[in-house]
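K.L.:
Next up is a structure, given as structure tokens.
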Amino acid sequence: MLIVELVFKALARSKSFSLLFIFNFSLAIAALAYLQFFKVSIDSSLETQAKSLLGSDLVVSSRFPISTEQEEDIKSKLPEIKSFTQGVSTVSMIASKTRARLMQIVKVNEGFPYYGGLVFKDKSIYPKGEGLPKANEVWVYQEVLDLLNLKLGDPLKIGKENFVIKKVIKDDTLKTISFSGFMPKIYISEEGLKKSELLQFGSTASYKLNYLFKENLDNDRLEEIENKLKESIDQSMRVLSPNDGRDRLLRVLNFVTNFLSLVSLVSFFLGLVGLIYLYSGFLRKHQKDITVLNDLGLSKRNLTLTYLLHLFILISISSIIVFSLIVFTAQFIAPMIQKLVDFDFHFLLDYNFFMQSSLVLLALSLTIGLPLILPLLQREKQNFFKTVLSFIPFIILLLLLSHFVSPAKNVGFFFAVAMLILIILFFGIGAFLLKKFDFSGHLENLSLSLALKNIVRQKKTSLTLFTAILLCTTLFSLIPQIGSSLSNALTLSVDDRPRFFVIDAKEEQIKDLSVQVSNMGAKLENIAPMIRGRIVKVNDVDFKKLSKNNGDDKAKTERNELSNRSVNLSYRNELKKSEEIIEGRAFSGVYDSKDFSKPIEVSVEKRYAKRIGVNLGDRLVFDVLGLKLEAIIVNIRTVKWTEFAPNFFLLLQEGVLDDAPKTVLATISSGDYDAQQMLLTLSDLFPSLTVVDVKNLFESFLGLVNDVTAITDKMSLYSIIIGLLMSFIIIQYQMNLQKNNILRLKMIGVKNKTIRNSFLIEFGLISLSASTLGIVLGSIGSYVISALLFNSYWDFRPDVLLLYFFFIPILTLLIVSFFTSKIIHQKENVLFGE
Amino acid sequence: MLELKSLKKAYHQGSQSIEIFENLNFHVKRGERVAIMGKSGSGKSTLLSLISGIIKPDEGDIFLNATAYKDLKESALNDFRATNIGFIFQNFHLVSYLNALENVMLPAKVCKVSNPKEKAIELLKSVGLGHRLDHLPSELSGGEKQRVAIARALIHNPKIILADEPSGNLDEETGNAVMDILFELIKKNNTTLILVTHSQEVANRCEKTYELVSGSLT
Ligand SMILES: Nc1ncnc2c1ncn2[C@@H]1O[C@H](COP(=O)(O)OP(=O)(O)O)[C@@H](O)[C@H]1O
Ligand SMILES: [Mg+2]
């Protein structure tokens, strides 16, 4: 086994190279590997989480009792069912001796929810522990006790029956998406519900069919089933699948994993560039050995195998280090993820991951190794075009890899293609500019002259180094600025953020409510009337028909959904500070046509307009309590989402709906008052009112944003470390190439200082220009992104930028002077008699 | 003009020491062309390194133009070498990122010769490369490279040229052509030449030929 022997000699003889290689490659793959490794766990946890928000695989809900025929019809359209329950819930005024409040009464079904469940204060759980409540027992939320001034074991009258509070619920996975989700819940047994006779009074109820399928289907598949079912059943029924429950938190998490995977891709690319430089430097050093071995009769095939094996061993060692690190640290990281995502995170050891990674790494060794090794064996200089051609398999591998590592469809692939095109463009333009810059002869200042010629005539190296530093600094300045813009946007609006939402207030209550609130030191704000209606026609076309024939599938289902659902309308003539008209004009004033002969002016929120596919000037017909109202869209407006006040997608002119029956939505400002007292006082005085404390909602969101910012900051730091390491490798490679030139210059009598300065100027210029451009690009990028996402709460961070501006060039200069002095002290007489 | 007096030089490698010169005496007159021959490893390159002042003898003195190397400080010695000695190598050793013109101009810049560009162009023309001024070394053939190297060695009018097997890497025909140019230019400027070579033919062009055998020149 001559080959193996040679490989081990090569490994043993170049220890520092091997160490640098392993270090660089381990860093390059670490982030990507970690993300991929946890991806499976995160994905499956997200799936489970989404399922437990719904409690089942599929839910059909209706405001009216669902008939047996309907039930059979639905059943025939679904996959084989493992378990099925019928849920009922209703809303009722519940009173204690001292207080009364609107509460949601929910029937407990045996075995339901199929996913998630209840956790009680006494740490017992349902459905996997506790049995059903007895006919005279109820389980309640803590809020029920607070609001009604009760305690565990107290009696409670619901409808016509008396019950005993048996258990207090601490956690409820179904909390988030219940249809009147803000109300405190009381769980009751089927018999109890019957005895209370609540449903006989015709009070609003919600009927649900919960399905658990035999086959374990993923959420996307369930969404397909949901969409199919929607098309074929009565429009009064709603269908929900777990994906509908993906709330803002999950969306943010999705964004984070996507973002992290892109950053880790960049790091991976940078690391690979470093690897290519490092390895071709190594091969260059061994060129003589290769020639000699070839002359001694070792076949080219065996030589190729030798170096490929050498490369593969190095790559494998790095991977084994990273993989063991992953396995070792997983147990510490899993709880951290759990804390971050704030739901049950189930860690799965994914053996497939290791298999796949090994294959990828083998492919990497081949696609990088062959184009580097083969030209050396041919013993002839390859032209540039041929070199590029030989790297095509490697590039294809990278594109494929990018495609598979990013969670969102195509994002990684397009990102990689965009990067590739940018790099090609960059090199093209750069090479052209450098050629323009070239000149014959010397400048007065010899160092500068040498430096410029080095930059201009070693285009490949100069541009690679430039691009690498540019990429790093762009990322490095982009990410923190986006992060701080984001928290800026959130904290700037902190003062305006309400503490409570007031929902379902009656019009006549508002005046008293306002007085009460201000008596307690707060303000009732954002008072908005709300009227329920439906869109029945768009531009004289029946909305349902339109939605069937027009647009792509997604828009179609969205529209379908909308046509099923009523819309909330509000009216007001002035824009809020957080709103901006992007198309069209403001309302012309109060509506004045008595017989509704003139179309009503309507304003539509931009994203909503896009979703339902309407444009400026379109005519809509609304159905409000049976009355058909014709309206025309006079403007499209945007609403800053950082504003935490409730807003409406559809806004009508004043003067139309003023007399229609409506409820009122409002907010109570945050401030220096006793929030608990406020809540209790208001529910005492206005028992029918729903007051929701939104402090926790915002705070947990802000907390999540801060966590995300911290992660992205660290990630950008990681990628800059890889970038610097790669710069280090490229500089080292370049300086080794320059070794003879340095000695030649010395021999001619050029002073050490002049030589050293020429290299300092060369790399200083490259890194200074690259980091400057990177900072500018990163800032522009962060400005654009802030403008798009956070409506321009852009936070310019001169502190960070200035740091990078000095830090990166200075670090480059230190590296360069280290290598120069290493070489410059060699005696130039080695040039003799070589 | 060049005088080596009882030079002693040994290389030390660990505990081993390789004695190259024990007591070398050597003298070259102004304008003289001297060829040095000798087996590989006999110390020819070491001799050139000593004359150029890059390495120091263990004992003995070297004088060039009556200046003793040992009287000069390191930096002064470097300056002295830059102005007084020109080099030609077997492997040409052109600075790879400078074109022909810039390579030739370089010693002139270092020694602050006036009109470096004009002088360089003139010299390159006289070695027959007037049309290849802005070619990089990688774009030149071996013979062309050596001609650039000759121009570079001569531009600042050094007192002495040290050449280490200048035709060693060239085929015979090219080698001869390059040698023709070298000797022509040297004659014109009356420059002293010390030429290390393996070729008797090349050695014959010189006025004196020495053989380096076991540390002494005969
Ligand atoms: N830096 C050095 N360290 C140790 N030994 C050396 C060194 N340079 C040359 N030698 C040894 O000195 C001897 C003479 O070398 P050199 O002057 O290059 O001979 P030539 O040029 O005649 O072939 C050789 O045996 C060589 O191995
Ligand atoms: Mg020699």
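Even glycines carry a Cβ here, placed using N, Cα and C.
Okay, so TrEMBL annotates it like this:
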{"type": "DOMAIN", "residues": "A:262-377", "note": "domain 'ABC3 transporter permease C-terminal'"}
{"type": "DOMAIN", "residues": "A:716-825", "note": "domain 'ABC3 transporter permease C-terminal'"}
{"type": "TRANSMEM", "residues": "A:17-37", "note": "transmembrane segment"}
{"type": "TRANSMEM", "residues": "A:259-279", "note": "transmembrane segment"}
{"type": "TRANSMEM", "residues": "A:307-333", "note": "transmembrane segment"}
{"type": "TRANSMEM", "residues": "A:353-377", "note": "transmembrane segment"}
{"type": "TRANSMEM", "residues": "A:384-405", "note": "transmembrane segment"}
{"type": "TRANSMEM", "residues": "A:411-434", "note": "transmembrane segment"}
{"type": "TRANSMEM", "residues": "A:463-483", "note": "transmembrane segment"}
{"type": "TRANSMEM", "residues": "A:715-737", "note": "transmembrane segment"}
{"type": "TRANSMEM", "residues": "A:758-789", "note": "transmembrane segment"}
{"type": "TRANSMEM", "residues": "A:801-819", "note": "transmembrane segment"}
K.L.:
Near the transmembrane segment (A:384-405), which residues from the same chain, at least 6 beyond its ends, have a CB less than 8 A from one of its CBs?
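P.N.:
Long-range Cβ neighbours of the transmembrane segment (A:384-405): 32, 35-36, 261, 264-265, 269, 272, 360, 363-364, 366-368, 370-371, 374-375, 412-413, 415-417, 420.
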K.L.:
Quick one: find which recorded stretch in A:17-37, A:259-279, A:411-434, A:463-483, A:715-737 has the most Cβ pairs under 8 Å with the transmembrane segment (A:353-377).
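P.N.:
Between the stretches A:17-37, A:259-279, A:411-434, A:463-483, A:715-737, A:259-279 has the largest tally.
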K.L.:
Mean pLDDT, the domain 'ABC3 transporter permease C-terminal' (A:716-825)?
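P.N.:
Overall, the domain 'ABC3 transporter permease C-terminal' (A:716-825) comes to a mean pLDDT of 86.
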K.L.:
Under 8 angstroms, Cβ to Cβ: which one of A:17-37, A:259-279, A:715-737, A:758-789 has the largest number of such pairs with the transmembrane segment (A:463-483)?
P.N.:
A:758-789
K.L.:
Apart from its near flanks, which chain residues at least 6 from the ends of the transmembrane segment (A:715-737) lie with a Cβ under 8 angstroms of it?
P.N.:
20, 23-24, 27-28, 31, 260, 263-264, 266-267, 270-271, 273-274, 277-278, 280-281, 284-285, 458, 461, 464-465, 468-469, 471-473, 475-476, 478-480, 759, 763, 767, 808, 811-812, 815-816, 819-820, 823
K.L.:
By Cβ distance under 8 Å, which residues at least 6 away from the ends of the transmembrane segment (A:758-789) in the same chain are close to it?
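P.N.:
Same-chain residues near the transmembrane segment (A:758-789) but 6 or more away: 446-452, 454-455, 462, 465-479, 481-482, 485-486, 489, 727, 731, 735, 738, 795-796, 801, 804-805, 808-809, 812-813, 815-817, 820.
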K.L.:
Go through the chain and flag residues at least 6 beyond the ends of the transmembrane segment (A:17-37) whose CB is under 8 A from any CB in it; none is fine as an answer.
P.N.:
11, 257, 260-261, 263-265, 267-268, 270-272, 274-275, 278-279, 282, 314-315, 317-319, 321-323, 325-326, 330, 333, 350, 353, 357, 405, 715, 718-719, 721-722, 725-726, 729
K.L.:
Residue counts in helix (H, G, I), strand (E, B) and coil for the domain 'ABC3 transporter permease C-terminal' (A:262-377), per DSSP?
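P.N.:
Its residues fall into 102 helix, 0 strand, 14 coil.
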K.L.:
Could you give me three numbers for the domain 'ABC3 transporter permease C-terminal' (A:716-825), the DSSP helix, strand and coil residue counts?
P.N.:
97 helix, 0 strand, 13 coil
